[in-house]
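Input: a single structure, listed below in structure tokens.
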Amino acid sequence: MIIAIDGPAASGKGTLSRRLADHFGLRHLDTGLTYRAVAAALLANGLPLGDEGVAIEIAHNLDLAQMDKSVLSAHEIGEAASRIAVLGGLRDELVKLQRRFAQTPPGAVLDGRDIGTVVCPDATVKLFVTASPEARAKRRTDEMVSKGQDAQYAAVLEDLKRRDERDSKRTVAPMRQADDAVLLDTTEMDIETAFQAAVDIISRARGA
Ligand code: DC
């Protein structure tokens, strides 16, 4: 069983995906981390983000088990990840890795931007998780403040809108709801309600 979860930044898809993987006894891959890991390696070595040859080589040698979410969640790494995500050859390399993960028993939950459209077009169930930019900005701001970070709602909102624009307007594998994905709008939901809604959608799809 493969569950594909796509959606914009701060939509709650990460938390949801982890919980769904636990619930259904599946493995979980946050594919955003693969883009972040490549971006972080380029930044750490002072290499230009447009150097696709080096980016592909880093991706080729990427060890998913070594990706450290706490390090890779830094804001500047997310920005750099969104920039290198326009490189088609790099995406091909990362998609190979992501598909290998997805196809390893007992199956997996993958979350990202192009899982239902490109990485796993034959997934058992596809969800597109979204929420209004304002709701996402509020959640992201609250999360950062709770970690003791300095966060301004207006700046976070602008940032999310910019990221949405770049991720959905790029020519290669743009963020898009797959034709056969179920839309889950969590604007008015807390995480528990969103989780229950997702479990219902997946259970129905499995039964069908
Ligand atoms: O989900 P995230 O914020 O960790 O993702 C960081 C960037 O990586 C995101 O802005 C776009 C890119 N990305 C992508 O292009 N395709 C994916 N499947 C996952 C992430």
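The backbone N, Cα and C atoms fix where each Cβ goes, glycine too.
These numbers come from a predicted model, not from an experiment.
The feature domain 'Cytidylate kinase' is assigned by TrEMBL to 3-202.
Neighbour list (Ala9 (ATP binding site), Cβ cut-off 8 Å, at least 6 residues apart, same chain): Gly78, Arg136, Arg140, Leu160, Arg163, Asp164, Asp167. TrEMBL lists Gly7, Pro8, Ala9, Ala10, Ser11, Gly12, Lys13, Gly14, Thr15 with the feature ATP binding site.
Among the binding-site residues listed (Gly7, Ala9, Ser11, Lys13, Thr15), Ala9 have a CB atom closer than 6 Å to some atom of ligand 1, in sequence order. Other than the site residues Gly7, Pro8, Ala9, Ala10, Ser11, Gly12, Lys13, Gly14, Thr15, same-chain residues with C-beta atoms no more than 8 angstroms from the centre of those residues' C-beta atoms, the ATP site, are Leu16, Asp111, Val129, Thr130, Ala131, Arg136. For Ser11 (ATP binding site), the count of additional Cβ atoms within 10 Å of its Cβ stands at 27 [all protein chains shown]. Annotation for Gly7 (ATP binding site): spatial neighbours Lys13, Asp111, Arg113, Leu127, Phe128, Val129, Thr130, Met175, criterion Cβ-Cβ under 8 Å with sequence separation of six or more. Neighbour list (Thr15 (ATP binding site), Cβ cut-off 8 Å, at least 6 residues apart, same chain): Ile191.
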